[in-house]
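Novice: There's a structure below that I have some questions on.
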Amino acid sequence: MNILVINAGSSSLKYQLIDMDAEKVLAKGLVERIGIEGANLQHRPAGKEEVRIETPMKDHVDGMKLVLDALVDKNHGVIASMDEIGAVGHRVVHGGESFKESVLIDDAVMAAIEENVPLAPLHNPANIMGIKACLSVMPKTPMVAVFDTAFHQTMPAKAYLYGLPIDLYRRLKVRRYGFHGTSHMYVSKKAAELLGKPVESLKIVTCHLGNGSSVSAVDGGRSVDTSMGLTPLEGLMMGTRCGDMDPAIVKYLMDRDHLSIEDVDKILNKKSGLLGVSDLSSDMRDITSAAASGNEDAANALEMFCYRIKKYIGAYAAAMGGLDVIVLTAGIGENVAIVREKVLSGLEFLGVKMDKVKNESRPKDVLISTDDSKVKVLVIATDEEMTIARDTQRLVKG
Ligand code: ADP
């Protein structure tokens, strides 16, 4: 069965068509600037030339039509007709407390995703547009929703409640949800597989380090804590997000700089993190090269980024009462050796021994800890699309 995976943003659609029998990506691509001047499709069919098509698109329906046309095109297509798409898996950011796992989409599911819009006002409406666009162009194809939050629904109350009046949880659902669930789930399972041990027997800390970054404590295959909260702003310092800070800073900034709450929100989400501290870039490649050539602010940004990850690893080892495995994944976790080194050094007291040579050797799906390290450290290439496709296939096949 071929499964189309869709990740819809407010003006974009990312897609992958995966042949699930071989678990092979047939084509992937991106539609950008939907509803904006310069709308375009970049389509990458496996084994063929990449194509770029610029054409106006008024909405996500136009975008989806273009994607399907590209997939069946006689030159750069990869399937003969739409009938060869068995199902569609949609990434949905916020499932709130309604969804503890992936589900087949029907009217009730759509209504529940709508209900969670206040929890993710930027993301869920875009995901809903993506689903509706797909339903309108392929009404008979089964659709599945896979939620970023679902994997973390196993957290106990002591981990997900905030120290706020309980009424705010009961009435407004203010609690920790966590994100990157498909990634934390994928890499924790993959770690167990690579180590040849049942995931049920392992205490794993998974570090998803990309533009958005989060850490999870995965005990026996279940998420028991994670660093992102009600929104993705909490936890680690990220590309442009501040991560953990004293919430009183919000009022202080509003008072001192006469800012609106929207101004402060923008500072915390878009102008902070690596970008804010370095005053240079949100991209780790720029930060490491500037730090290496003596830029003090970039060096501080790099140190802060790593120090905070290290603190979470320590905290989650304590939360689980032990630690067997650390996984590093996503753009930074998979590619930046200096970050891995700074995160892991100083954790010897927990039983972590990093192998410097392995760490420098562009590791992928392998150990970077020494043979005698009590805690195994793995670099794993995350694959959120494959996780979505597998869940979709499982649900469609019943
Ligand atoms: P997201 O999916 O959250 O947008 P990614 O997982 O792609 O983010 O990670 C983006 C981050 O990873 C950026 O900071 C970027 O500098 C870093 N990164 C990605 N690839 C590389 C690489 N080959 N070398 C160094 N850094 C990389």
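A Cβ is built for glycine as well, from the same backbone N, Cα and C atoms used for every other residue.
TrEMBL does not curate its annotations; it predicts them automatically.
Taken from TrEMBL, the feature active site, proton donor/acceptor covers Asp148. Look at TrEMBL and you will find Asn7, Glu384 tagged as Mg(2+) binding site. Annotation source TrEMBL lists ATP binding site at Lys14, His208, Leu209, Gly210, Asn211, Gly212, Asp283, Met284, Arg285, Gly331, Ile332, Gly333, Glu334, Asn335. Sequence annotations record features per position, and here TrEMBL assigns substrate binding site to Arg91. What TrEMBL lists as site 'Transition state stabilizer' is His180, Arg241.
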Novice: Check the binding-site residues Asn7, Asn211, Asp283, Arg285 for any whose Cβ is under 6 angstroms from an atom of ligand 1, and report them in sequence order.
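Specialist: Close enough to ligand 1 are Asn211, Asp283, Arg285.
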Novice: Which residues in the same chain, at least 6 apart in sequence, have a Cβ under 8 Å from the Cβ of Asn211 (ATP binding site)?
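Specialist: In sequence order, the residues whose Cβ lies under 8 Å from that of Asn211 (ATP binding site) (at least 6 apart) are Met238, Gly239, Thr240, Ser282, Gly331.
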Novice: Using Cα coordinates, what distance in whole Å links Glu384 (Mg(2+) binding site) and Arg285 (ATP binding site)?
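Specialist: Here the two Cα atoms are 23 Å apart.
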Novice: Please work out the number of neighbouring Cβ atoms within 10 Å of the Cβ of Ile332 (ATP binding site), leaving out its own Cβ.
Specialist: 27
Novice: Reported as an integer number of Å, what is the Cα distance between Ile332 (ATP binding site) and His180 (site 'Transition state stabilizer')?
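Specialist: One finds 15 Å between the Cα atoms of these residues.
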Novice: Near the residue listed as 'active site, proton donor/acceptor' in space, meaning Cα within 10 angstroms, which of the recorded positions do we find among Asn7, Lys14, Arg241, Asp283, Glu334?
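Specialist: Those close enough: none at all.
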Novice: Tell me, by DSSP, whether Glu384 (Mg(2+) binding site) is helix, strand or coil?
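Specialist: Helix, per DSSP.
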Novice: Ranking the recorded positions Asp148, Asp283, Glu334, Glu384 by other Cβ atoms within 10 Å, which is at the bottom?
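Specialist: Counting other Cβ atoms within 10 Å of each of the recorded positions Asp148, Asp283, Glu334, Glu384 gives the minimum at Asp283.
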